[in-house]
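Undergrad: Sequence annotations record features per position, and here TrEMBL assigns transmembrane segment to B:12-34, B:54-73, B:80-97, B:103-125, B:137-156, B:185-205, B:235-256, B:262-282, B:289-307, B:319-335.
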Amino acid sequence: MSIFEWSFVAAVLTSATPILFAALAGALCAQAGVFNIALEGQMLWGAFAAVAGSYYTGNAWAGVLVAVLSTAIYSVILAVGAARWKADPIIIAIGTNLLSLGLTGFLLRVLFDTSGSFAPQGLNGIGTMPFLNGIPVIGDVFAGQSVLVPLAFVLIVAAGLWLRLTPGGLRLRGVGEHPDAAATLGIGVARYQAWVTILGGGLCGLAGAQLSLGNVTLFTENMTAGRGWIAVAAVILVANKAFWLPVACLGFGAAEALGFRLQGIGAPQQLTDAAPYAITLVVLVIMRVVVTRRRTHALTPKETLV
Amino acid sequence: MIARLTRHPAVVPIGAVVLAILIGAVVILLAGLNPIDAYAAVLQGSLDVRNLDYTFSVWGFICGMGLVAAIPLRMGEFNLGGNGQLVLGGVTAYVVASQLGLPGIIAVPFALIAAMLVSGGFAAVSAPLATRFGIPIIISTLLLSPVAVAVASYLVRFPLAEKGSGNAQTPVLPEDAHIWSLGDLRYTTVGLPLMVAVMVIFYVVDSRSAVGFELRVTGANRRFGEYAGLKPGRLAIGAMGSAGAVAGLVGAIIVLSSPYRFIDGALISPGYTFAGLAAALLAGGRPALVPVTAILFTILQVGGASMERTAEVPRQLSDVLQGVVIVILALRVVLDRRRAGAGKDS
């Protein structure tokens, strides 16, 4: 088993990217004061919509577009329900997560007359970047990846800069940190929160598309298998700071990729499957211990956001 | 008169169910199938006299998993790790019943108690994770659940596996360790009265004891509870511990019942956990209502199979309806507010 080779780095990136998109959605919502735990269900819907779109049009990018748009529309339930109508976001999210699971399974049977998994002949996946092949390190890591992988990092940096440097980003943070104060300044708090949630839906669509058309080229029932929850954990882990998300998500990607390698040398699959969840939880605990200790020494009790 | 009727507390849950069934009918129509046939098949499959034995046993399990969600819900916490707690209880019961060589009369009670202790302890871990480390219970239960499921799956496939069988399952339990059936019924066992007893205990503790009151106060207003000297941390350990214990009990009963073995995935795939969660949310966490709302999800779950057989509607529709009911329930606050606003005007 050779961990320290570039193909392993590539595998880590592949595993981390869907979670990165979903975690970015979660972090943006958290910044705006919306506790979004609907990521899992939205991602699952996105994965299904991407495969269906690619299957019917024969074009992977059309699949990605279908995933982004339909997941954004799907997230309107949460956006309007939680931000405008002030319903409990947790209960809505539990409902939409269950609904995604049922609906994707139902449509799999009705539209494609199959259950379990759907991998038709000639289903188009998202294109890779073979033009990078000659370049030493970058080629080894990125050439076999879907174009969405670098996009995830671009979006994270863009979102981080937007939150920090633009008036819109400042307002968003204000809405999350002190809604009443933001409202006094004439900012439509509910409208901001609703649009951020819908934007998050689009990102979860990308997450799902990367999962079903980038990492593999097929859809299986419940294929997100808790990745949306890992994304929520990643958001908590980095205390909503978008710039730190890649660290958290790459950690998860490393756990998953290492699991695949360990399976290769005969470790039982059940235990390597469980590792990312256990590791996520352990890291959350360690981070909390470290952060609390540091906070008690610090002079200002409140940590700065982003 | 009509106004008073529409304000009855049962209107919202019943309305949510009716609306969900209508939405389900539209989904079935869009799929080009017949909703009336489908719903008729659901009722027929679940309420047919020959199936009632099975339906009642499932109702017991969904009631149990309803409590698993409802007990923490009383203090405003969400336990979404029911699957892990269920499976851990099942595997513990199997190990105790098969490996210790206990005589008949004590094998079953010991297995049940051991399952409750292990699952209860496992679920209770989420409480200090929330109070000490600030990890919400809803997140930690969800992250712990797949770990428990994977460990159980590993145990069943390797150390406890039936030799020479292609399936991921344990050998059949010795005759002594089979849970007692009720009369000559095949599915309904002593487990069902046990489940009813647990529900009665929850009802009494919730409505008649100091702990139940503290739990509800904390759920209604945590800061007030703390101000009044209640300890949410300790309450959370108790609530999560008892929720996990009930899940462990359900898992143990399933494993000790026919076919008397632990089959990988058999505890999770019927979807008792989320049917129970939906029942608990529909009941608003109220102990007396959980058995009632559980009836609905039992009919959906049991009837789903016959709906698939006779009306060709995929059984995943049951999950769709569960999700829709929960979303509608969450959105009902709009209705409440509008009604409150209307009341102010008049």
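Note that Cβ sites are derived from N, Cα and C of the backbone, with glycine treated the same way.
TrEMBL annotations: computationally assigned, not manually curated.
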Undergrad: May I ask you to check whether the transmembrane segment (B:235-256) and the transmembrane segment (B:319-335) make contact, with contact taken as at least three Cβ pairs under 8 Å and only pairs 6 or more apart in sequence counted?
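TA: No, the transmembrane segment (B:235-256) does not contact the transmembrane segment (B:319-335).
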Undergrad: So which of B:54-73, B:185-205, B:262-282, B:289-307, B:319-335 has the most C-beta pairs under 8 Å when paired with the transmembrane segment (B:12-34)?
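TA: That would be B:319-335.
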Undergrad: Any chance you could find the range in B:54-73, B:137-156, B:262-282, B:289-307 with the most Cβ pairs under 8 Å to the transmembrane segment (B:319-335)?
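TA: Between the candidates B:54-73, B:137-156, B:262-282, B:289-307, the best contact partner of the transmembrane segment (B:319-335) is B:262-282.
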Undergrad: With pairs closer than 6 in sequence left out, are the transmembrane segment (B:289-307) and the transmembrane segment (B:137-156) joined by 3 or more CB pairs under 8 Å?
TA: no
Undergrad: Using a Cβ cut-off under 8 Å, which residues of the same chain at least 6 positions beyond either end of the transmembrane segment (B:262-282) come close to it?
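TA: Contacts with the transmembrane segment (B:262-282): 13, 16-17, 58, 61-70, 73, 80, 82-83, 86-87, 90-91, 94, 149, 152-153, 156-157, 160, 167-170, 250-251, 254-255, 289-290, 293-294, 296-298, 300-301, 318-319, 322, 325-326, 329.
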